[in-house]
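Student: Take a look at this one; I'll ask things after.
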Amino acid sequence: MEGDSRPLSSSAGRWGCAPSRCRQRDPLLSMLRRDRVRPPEPPTRSEAGRRALPVEAAAGAGADGRSAERASERAESPAAAMGHNDLMGTAEDFADQFLRVTKQYLPHVARLCLISTFLEDGIRMWFQWSEQRDYIDSTWNCGYLLASSFVFLNLLGQLTGCILVLSRNFVQYACFGLFGIIALQTIAYSILWDLKFLMRNLALGGGLLLLLAESRSEGKSMFAGVPTMRESSPKQYMQLGGRVLLVLMFMTLLHFDASFFSILQNIVGTALMILVAVGFKTKLAALTLVVWLFAINVYFNAFWTIPVYKPMHDFLKYDFFQTMSVIGGLLLVVALGPGGVSMDEKKKEW
């Protein structure tokens with residue numbers, strides 16, 4: 001206030017002493033002031049926990065129970081998802097371990113299985129020359145010479161193609177030659193009008209597409225160190241077409257009846273076919289299909305149990321080796337992967 005002429009400071013007035021004496025008591029005064037204005041020490045972690053417990057208990061007691069239910073649901077759903085991921089992870093680890101162990105041998109086994117039906121059919125042409133020639137002659141009325149030429153072309157084309165594929169020489173030309181054999185037999189044996197055999201021939205063509213894609217990758221590896229652009233689209237689409245055509249074989253194995261085994265087989269087989277076709281978990285799905293198809297093939301196409309003179313022997317034998325060729329194509333999928341046009345490849349970009 002303007003009229004106040006007291007010379008004492010506010011601190012001196014409160015302590016009731018002159019300024020000179022306050023200056024003498026400065027150390028004591030400073031200590032007292034520090035004691036008065038010292039902020040309270042923060043509670044320790046254990047004390048904070050003990051203080052928070054009553055508050056949390058009161059909040060939990062005041063809730064209507066829905067928060068507890070939501071918490072339990074959140075606790076259970078990650079556990080279920082974790083269990084599912086653990087199962088898939090274990091299966092994928094097994095597939096990776098299988099690939100590491102068989103990495104050097106799997107492509108050779110795949111090629112052998114893939115060309116097995118051509119090898120068996122070429123040998124059949126040799127031992128059944130007259131029967132095959134007479135069948136073509138009677139079906140098409142083409143005469144002895146053309147029928148014999150057809151049988152000879154099948155024999156020579158299939159055996160030569162098999163030798164080139166196994167020796168890994170001119171594999172692309174061998175694949176094109178075997179494609180021609182498939183097209184020729186599809187017309188000559190009227191397979192074009194039999195949906196089941198047509199789908200199996202298309203599946204066989206899918207295996208050849210994968211073999212052709214593998215030969216293209218081998219050709220690129222010969223020029224290691226040479227700068228190249230990213231993987232060519234023709235190879236990617238050949239792998240995609242090969243995967244899609246391979247699954248046609250499994251469509252011929254679907255059984256539309258009410259038995260439990262047939263329903264289970266149809267559901268599992270369809271799911272695996274879709275996974276291979278779209279390229280999701282491709283190696284694991286293809287390896288599972290290999291095991292499943294091999295078991296079905298040995299059980300249903302056991303031609304060795306039928307006497308040789310019965311027509312059923314040749315029919316089951318043909319069916320057995322054609323299925324083995326599709327197994328070879330699936331093994332190529334396991335060995336090479338799905339290719340660029342697949343969900344597995346897109347996941348790497350995501």
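Each Cβ is built from the backbone N, Cα and C atoms, and glycine gets one as well.
When I checked TrEMBL for this same protein, it listed these features:
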type	residues	note
REGION	1-81	region 'Disordered'
COMPBIAS	56-65	compositional bias 'Low complexity'
COMPBIAS	66-76	compositional bias 'Basic and acidic residues'
TRANSMEM	143-166	transmembrane segment
TRANSMEM	173-192	transmembrane segment
TRANSMEM	260-280	transmembrane segment
TRANSMEM	287-308	transmembrane segment
TRANSMEM	320-341	transmembrane segment
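Surface or core, plus neighbours and distances: that's what I need for these features.
Tutor: Long-range contacts of the transmembrane segment (143-166) within the same chain, counting only residues at least 6 positions beyond its ends with a Cβ under 8 Å from a Cβ of the stretch, are 111-112, 114-115, 118-119, 121-123, 125-126, 129, 132-134, 136-137, 173-175, 177-178, 180-181, 184-185, 188, 211.
Residues 240, 243-244, 246-247, 250-251, 253-254, 286, 288-289, 292, 330, 333, 338-339, 341-345 of the same chain, all 6+ positions outside the transmembrane segment (260-280), place their C-beta atoms under 8 angstroms from a C-beta of that stretch.
Under 8 Å from some Cβ of the transmembrane segment (287-308) lie the Cβ atoms of residues 95, 98, 249-250, 253, 268-269, 272-273, 276, 314, 316-317, 319-320, 323-324, 326-327, 330-331, 334, all in the same chain and six or more residues away from its ends.
Residues 95, 99, 103, 106-107, 109-121, 200, 203-204, 206-207, 210-211, 213-214, 217, 231, 233, 235-240, 242-243, 246, 249, 276, 279, 282-283, 286-287, 289-290, 293-294, 296-297, 301-303 of the same chain, all 6+ positions outside the transmembrane segment (320-341), place their C-beta atoms under 8 angstroms from a C-beta of that stretch.
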